[in-house]
Amino acid sequence: MESLSLLKRLKLHVSGVEYTVSTADVTPDTTLNTYLREKVHLTGTKRMCLEGGCGSCIVAVEETINDERKIFAVNSCLVSIFSCHGWKIHTIEGIGGPATKYHPIQTILADNNGTQCGFCSPGMVMNMYALYASGPKTQAEIEDSFGGNICRCTGYRPILTAFKKLASDSDEAVTLEDIEDVKICQKGNCTKVCNEKCDEKKNGYYFGLRESKWMKVYHLKDLLEILRTSGSATYMLVAGNTARGVYGSKPHPDIYIDVTNVDELTSYTFSEVDDTLVLGGNFTLTNAIQLFSKISKENKNFAYLSDVEEHINLIANVPVRNIGTIAGNLMIKYNHNEFPSNIFLLLETYNAVIVIVDVEENESMVSPQQFLQLNMAKRVIKHIIFNGYDSSYRFKTYKIMPRAQNTHGLVNAGFLLKFNGQTVVSARIVYGGISSEFVHATKAENFLKGIRLFDNNVLQSVYQILDDEIRPDYVLPDSSPEFRKLLAISLFYKFVLNIAPQDVVSSRNKSGGSILDRPVSTGVQEFGTNKKNYPLGQPIIKVEALAQTSGQAQYIADIPDLPNQLFAAFVTAKASASSQIVSINTAAALNIKGVVAYFGKDDVPGENTFTPRMGGFPVQEELFCEGKVQYFDQPIGIIVADSHDLAVKAAELVEVKYSKPDRKPYLTIIDVLRAKDTSRIHHQTSVVPKSKGKCWFGTDTRHVIKGDFYIGMQYHFHMEVQCCNVVPTEDGLDLYPSTQWMDSAQTACSSVLNIPMSRINVHVRRLGGGFGGKITRNAIVSTAAALAAYKLKKPVKMWMPLEKNMNVIGKRYPLYATYEVGVNAKGVIQYLKADLYSDFGVGGNEPIDSVLIDLFENCYDISRWAFSTYVVATDTHANCYTRAPGTVEGLCCIDSIMEHIAHSLDLDAADVKRVNTNETKFPEVVRFWNDMQTWGDVPNRKKDIQAFNKANRWKKRGMSIVPMAWTLEVNFNYTVMVSIFHGDGSVAVSHGGIEVGQGINTKVIQVCAYRFGIPMTKVSVKPSYNVIAPNCSTTGGSATSESVCYALLRACDVLLERMKPIREKMKNPTWEELIKKCFDSNIQLTASGFYSEDEPGIKEYYIYGICVTEVELDVLTGQNQILRVDIIEDVGDSMSPLIDIGQVEGAFVMGIGYYTTEEIIFDGQGEILTNRTWNYRPPGAKDIPINFRIKFPENTPNPVGVLKSKAVAEPPICISCSVPLAIRNALASAREEADESKPKWYSFNGPTTVENTLSNSLNDYQQYVL
């Protein structure tokens, strides 16, 4: 082995600057993300999930390998800093900004309204930057490349619209400067532009670290020599390190060996003579996709590689595939047999050979299944050998996922059959996701040999064999064994339909052989404006958009560290509710160098609650557990240390002992009802019928329908997790919390610390999303951080990792309802009885009763309705406001009842809703309903759906129409201050609302400029500050933007009135002249405005909407795609139409997640198991409607609205229940065909996931015929 050079420093280039990093300052656990943010202070690159699942941390890497120069995206949270030696890294700040020039990609995303909270924007831009630099891409390729970028705000449509303009096949293609034209040498500090690559000899090297070595090798013989001479030292081969995103960090080995650029492991040979492709084991997934695409097109015996290519494209996401390798994926499967490795499945299906080499260079050739049984100590995956298959083979693999991209499969399957005519010669049937042991359906494979496959009796025999030998395990949070078995058998049937000759398959069954084909998405945004009022009502992008897309926008966690900076992390209860804490031992944590302190309940100077009475809260929720555990992962205390990572690590070392709980925890409403524990069920309201007389029932009851309804939790998934910075000052504390409610943070800290509220200063510039999760819940974090800062007299930051956020912070209120409804022949309700139960967990500080009732009643005639509402206390975290709390659940509940009625009577659900609409009270609903029939082409599409369902057994389509009358409550108050500066007449506004992505600052600037008659450039909005805007309500309830604008107008009017006498004395002055004269005349140029429900003209009003959703369903898998969504939303005279369009799209897509992909699963103790991007799944870019159409009706001014506008942020999520209802309508056709004796309707029981859909299909393999 050529000796490796010892290096004491590693070098990398970041945004054109060379950085030298001492190995003493970092460890292999130091990620590129940590280095960029904490060492280089480039905080435009965000952090969130820390497992490569959200995309907020993406940067672009420029690297020359084998004289080939590439730019590719990586998740900086997964890459060790030691892997970056010699890399050139492009960050969001480096590609463009205000000091140089904005990059066109930054500009195009901003110009197309592609930002809201902006936290995801840098990752979006950098992913597109790398994509564009890698060569021309079609619109489909671009749309396919954002599976790893989560956006909770925008609904993705504007982001995709922006980036598709850069596509090679776009009608409005934008051409950027070729990134390849500029080549900056990476040698030393050289910045010379050159056209030649540097001729740098590839020599191995190593870094000597305190506890280990990091080695880099370029040749296989060097790698094997290191392994041969390493003795008993532990080692880890490092390439993409993407396994960290699945199983977290491993214990530190003695030796890390970077094998990214080992020649023999990253090259390939193809031989047409031998009919083989030999691939280096360390081929990245992206490179494999590109190679397989090329070879499959050029060599007919390798046509199957196109299937492999398509399947690999479903693995993880682009940045993960760019550095993740085939061997790495196989080793995850090797170390964790339960891992549903798609690479393993593909190789086993196509009978690939894995070549293993040991330290003596002895090679062994094994199958993937045999590989799992090997002892891989000091052995390396050298090659993968693919063999050609002639036209006698038929093949297909499947990955059935709970959303379109970036998630592991529920079940994976691979089929390779060799035929002689229609007779099977050999068969390979491989499944993943069944159990850790199951690979081949061996009995089915053996049965098929020599059998003519395309015969229904034969197929039934195969299904029976599969039914017998497929025995799924059940490990939460995996889907149920029954579902996975049914899906596995269904996939074999789908494969048969796919390969069967045309003449043996019925025309109705044939479409079952294909997967859902999603075209490139599109959208329509239709609205009118009045140019005479501009800038009011002008369709403009957010004023912060470019700051967000260029990484300049600062969030709480981006604020630089101060001298003596400390960090805090929660210690949480790892025990079931009703357990008692017996002892807390902090010694192991406090003995670690750098750990400063532990604080618990006994260290609180004031009240141990973050919801104090002084804040008006009825329930005093514990900041730290008082002794009896209320829910799994309840905070017990905090560890304070000199780094965030150390605080998190040390918190896990605190040893807490508990007594056993005296009962099982109540985790759901149904648990409480079954236990008949009335102490946990609290009656709220009984709504009595409006009809007079003792007998309020109608007289024409022909049918009685009974049922129940359940919908569960939803995590807010704000991209910026809960965090707070606290800085001690000479008279108190400065708080920088990620809160939607400054007053809540202030009162909580005052109560906990027992200091006056006036000594607590709260500053908030913006949040990276909130959705209700940062109203009261952020006070848990801000008070804990404040306690540490107050006690230690040092600045403290607290940033909750995603898992802790999901474990500790409450979520959307689950709703369970039981109902009985009597109707006439047309579905008109003669009576309705219902009980509605909301799950508050251990909380109760965020009431929803009034709004739940409002939207349960919706726009319907409730004269014969009698229902009651209840709050149920369960042993889970305190559930809390989540976008449109109560109204989402209420509207979905009543509309599911309406559709249940329709299915029971075999009526069109739209007709049932229409005949039950209160047309006298809600004529606008009728108007918009009629408008939708034409604008949405509803009658013709209904006919098309009927024809489609008649022609297809295994693909079905469905439509749902959902009307809405959403009540805006006005019980808020806000203060606004307007200051005009005499030197140039510029205006500064500070208000009590919080910019969370909803565009409040943009509307404030538009309204201020409109009122003063000045350009928008004259107005700026300052961060929210509790001294300027004290005692304000939370930002939420959709009311804040309009309410703040009301207060703004009051302040502006005060100023205009003061200036009026001066203006009247002047002759048509300019704004600047007027302001100067006012200043000279001692006119006060600062004024406050106030909004409250008691101000003149403030009234509640209705927000109307109607939505039509059409879906297509694969009945054999349970998967669906949303073909089209049409929304008419009444926004009055919109203050800012583009901002409001964004709110509608984002809210609706958040609802898609709630109803179809997002599921919170507990284990028996109450621990949340779906607490990561690995298993909690917000919608992605390819889960949105294929055709997404929004219309704001014109000429609908709101007579009681601010400037005739209406609120918009929350109502659109309510009508997203049209998605699961449309799925039910599609599935009704299949259920009717499957078993006419069963009802077409099935009730809501949580989200309408892929599993839920297939499990309710009434499929039976006896139906699986040709």
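Including glycine, each Cβ sits where the backbone N, Cα and C put it.
Automated prediction, rather than curation, is the source of TrEMBL annotations.
TrEMBL has this to say about the protein:
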- E1210: active site, proton acceptor (ACT_SITE)
- C49, C54, C57, C77: [2Fe-2S] cluster 1 binding site (BINDING)
- C117, C120, C151, C153: [2Fe-2S] cluster 2 binding site (BINDING)
- K399: FAD binding site (BINDING)
- Q740, F771, R883, G1037: Mo-molybdopterin binding site (BINDING)
- 8-95: domain '2Fe-2S ferredoxin-type' (DOMAIN)
- 207-391: domain 'FAD-binding PCMH-type' (DOMAIN)
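In this structure, C49 is the one among the binding-site residues C49, C57, C153, R883 with the smallest number of other Cβ atoms inside 10 Å of its Cβ. Rounded to a whole value, the Cα-Cα separation of C57 ([2Fe-2S] cluster 1 binding site) and C153 ([2Fe-2S] cluster 2 binding site) is 17 Å.
Within 8 A of the CB centroid of the Mo-molybdopterin site residues Q740, F771, R883, G1037, the other residues of that chain are G770, G772, G773, I775, Y881, T882, P885, V996, T1035, G1036, A1209, E1210. Using a 10 Å Cα-Cα cut-off from the residue listed as 'active site, proton acceptor', none of the binding-site residues among C49, C77, C117, C120, Q740 qualify. Surrounding the centroid of the Cβ atoms of C49, C54, C57, C77, where the record places [2Fe-2S] cluster 1, the chain contributes additional residues within 8 Å, namely N33, K46, R47, M48, L50, E51, G52, G53, G55, S56, N75, T1173. Averaged across the domain 'FAD-binding PCMH-type' (207-391), pLDDT for the predicted model comes to 95. Using CA atoms as reference points, the binding-site residues C77, Q740, F771, G1037 were checked against C153 ([2Fe-2S] cluster 2 binding site), and the closest is F771. Closest by Cα distance to the residue listed as 'FAD binding site', from the binding-site residues C54, C117, G1037, is C54. Neighbour counts of Cβ atoms within 10 Å were taken for the binding-site residues C151, K399, Q740; the minimum is at K399. Secondary structure counts, DSSP: the domain '2Fe-2S ferredoxin-type' (8-95) has 19 helix, 33 strand, 36 coil. E1210 (active site, proton acceptor) counts 26 other C-beta atoms within 10 Å of its own C-beta, drawing on all protein chains shown. Closest by Cα distance to Q740 (Mo-molybdopterin binding site), from the binding-site residues C54, C117, C151, is C117. Only C120, C151, of the binding-site residues C117, C120, C151, F771, G1037, have a C-alpha within 10 angstroms of the C-alpha of C54 ([2Fe-2S] cluster 1 binding site).
The separation of F771 (Mo-molybdopterin binding site) from C117 ([2Fe-2S] cluster 2 binding site), Cα to Cα, is 11 Å.
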